[in-house]
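Asker: Quick one: the structure is below, and I'll ask about it shortly.
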Amino acid sequence: MWRGDSGSKTKRRISLESLATKLKETAASQEGPAPGSPELADLLPPEVCSLLNPAAIYANNEISLRDVEVYGFDYDYTLAQYADALHPEIFSAARDILIEHYKYPEGIRKYDYNPSFAIRGLHYDIQKSLLMKIDAFHYVQLGTAYRGLQPVPDEEVIDLYGGTQHIPLYQMSGFYGKGPSIKQFMDIFSLPEMALLSCVVDHFLGHGLEFDQAHLYKDVTDAIRDVHVKGLMYQWIEQDMEKYILRGDETFAVLSRLVAHGKQLFLITNSPFSFVDKGMRHMVGPDWRQLFDVVIVQADKPSFFTDRRKPFRKLDEKGSLQWDRITRLEKGKIYRQGNLFDFLRLTEWRGPRVLYFGDHLYSDLADLMLRHGWRTGAIIPELEREIRIINTEQYMHSLTWQQALTGLLERMQTYQDAESRQVLAAWMKERQELRCITKALFNAQFGSIFRTFHNPTYFSRRLVRFSDLYMASLSCLLNYRVDFTFYPRRTPLQHEAPLWMDQLCTGCMKTPFLGDMAHIR
């Protein structure tokens, strides 16, 4: 083990000392000092280990808020942050719909929602009933594939995909996360859906019941959809807003601050007006509409951004549709459906002076960034918890020693004598153990939503591609001036290796400017 085991530390020190001479030879051509027997504390340069701030905003692209004149928002999980207590309600209601309306076995009712099972961003192979985590290069992270509630052995996963961990592009999820046979779960509402899907598959497999994978998948997704379409979720939230809506006062503070600095605001949401109105009254007050220059409900994103055919419809104070043709979008009024092209024509809000916030990378942000040049901000509630884990001593020590082992493995693989091979095998085993420990810090089944063992996840790849900024909640804006400029840190590419931690930790690269350059990390 990597800590708390004096015997393992002694063995590691002996192993390192046994290869000290060879490691000195490896480092001789470098200007840095040769490693001896490093203690873990020595491998953790203080200049590069400053704690991350969970309330910070992180930039993928340089953006100055001084240039932003118009702010747009989604509603669910953006303006309104929901408590995790909502997920078991969705799970239980959809489970009961499956039993009572789709005639699924009564035994499914024994399953309860497990909040620690799945994470956002996973892929589901419909024909194989396989829930799995895929990295930015389309490779399945071994050890993160589940059929039902049971892990699938690595050998079986590789065999299922023709002897490889790689998922071909044509099978992967498309632009909006839906491929021909593989679906990516991208929004927070999908957590109870993944849990229910896994529980139903688990029941069928556990009882030896034959089933069609495509039918089961569709029935579960339809049952989850029914929870939303029938308004059950809206009813739960409206009946107890104090329980389900979080950070309402902070949302009010963000909106008020932007308006006070002369910014224009708009809201585009798929939720119905009555639900949005009650939530905004709870968070902001009865005059909430006066903060927004344009309010659009039931927008039907993402087709709102691509389909020119749907016109805007005005709603009266009771939420009833009006029939008059829309020639301008008025402040204080409510509009339904419509499309982005008419929105741009009527408002003339174009390009990088517009910043839109949403939680769904595909439905909220992708089209706006790639097709229309808006600035985008992703709301990632999981970020707060993940940063707190990253800040722990256990995580930092584990990651640092992993990087050190990786560097040692790469440099010492040229030595093929019996003693060296034995040490290398021990290091490889320890590295894999550390990877599993680090993964379990985030989630026992699937690990972090942002990384596989070493690569970014497919979710991270999309996050970087579709958002200029990302943060845990909208309230993070309160920590910055309205003219603040966000500068993304220069992260090292592979050919910029001297800045990588494993080279620093194994002492094979001298970087006298490290202290001066610590701020670039």
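Quick reminder: no glycine exception, Cβ is built from N, Cα and C everywhere.
Below are the features listed in TrEMBL for this protein:
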ACT_SITE  Asp74  active site, nucleophile
BINDING   Asp74, Asp359  Mg(2+) binding site
ACT_SITE  Asp76  active site, proton donor
BINDING   Asp76  GMP binding site
Asker: Provide, as an integer number of angstrom, the distance between the C-alpha atoms of Asp359 (Mg(2+) binding site) and Asp74 (active site, nucleophile).
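Answerer: Given the Cα positions, Asp359 (Mg(2+) binding site) is 8 Å from Asp74 (active site, nucleophile).
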Asker: Give me the non-local Cβ neighbours of the residue listed as 'active site, nucleophile': same chain, 6+ apart in sequence, Cβ-Cβ under 8 Å, ordered along the sequence.
Answerer: Leu267, Ile268, Thr269, Lys301, Tyr356, Phe357, Gly358, Asp359, His360, Asp364, Ile379
Asker: If you draw a 10 Å sphere on the Cβ of Asp359 (Mg(2+) binding site), how many other Cβ atoms land inside?
Answerer: 24
Asker: Relative to the Cβ of Asp76 (active site, proton donor), which residues of the same chain, six or more apart in sequence, are found under 8 Å away?
Answerer: Tyr82, Phe189, Thr269, Asn270, Ser271, Asp359
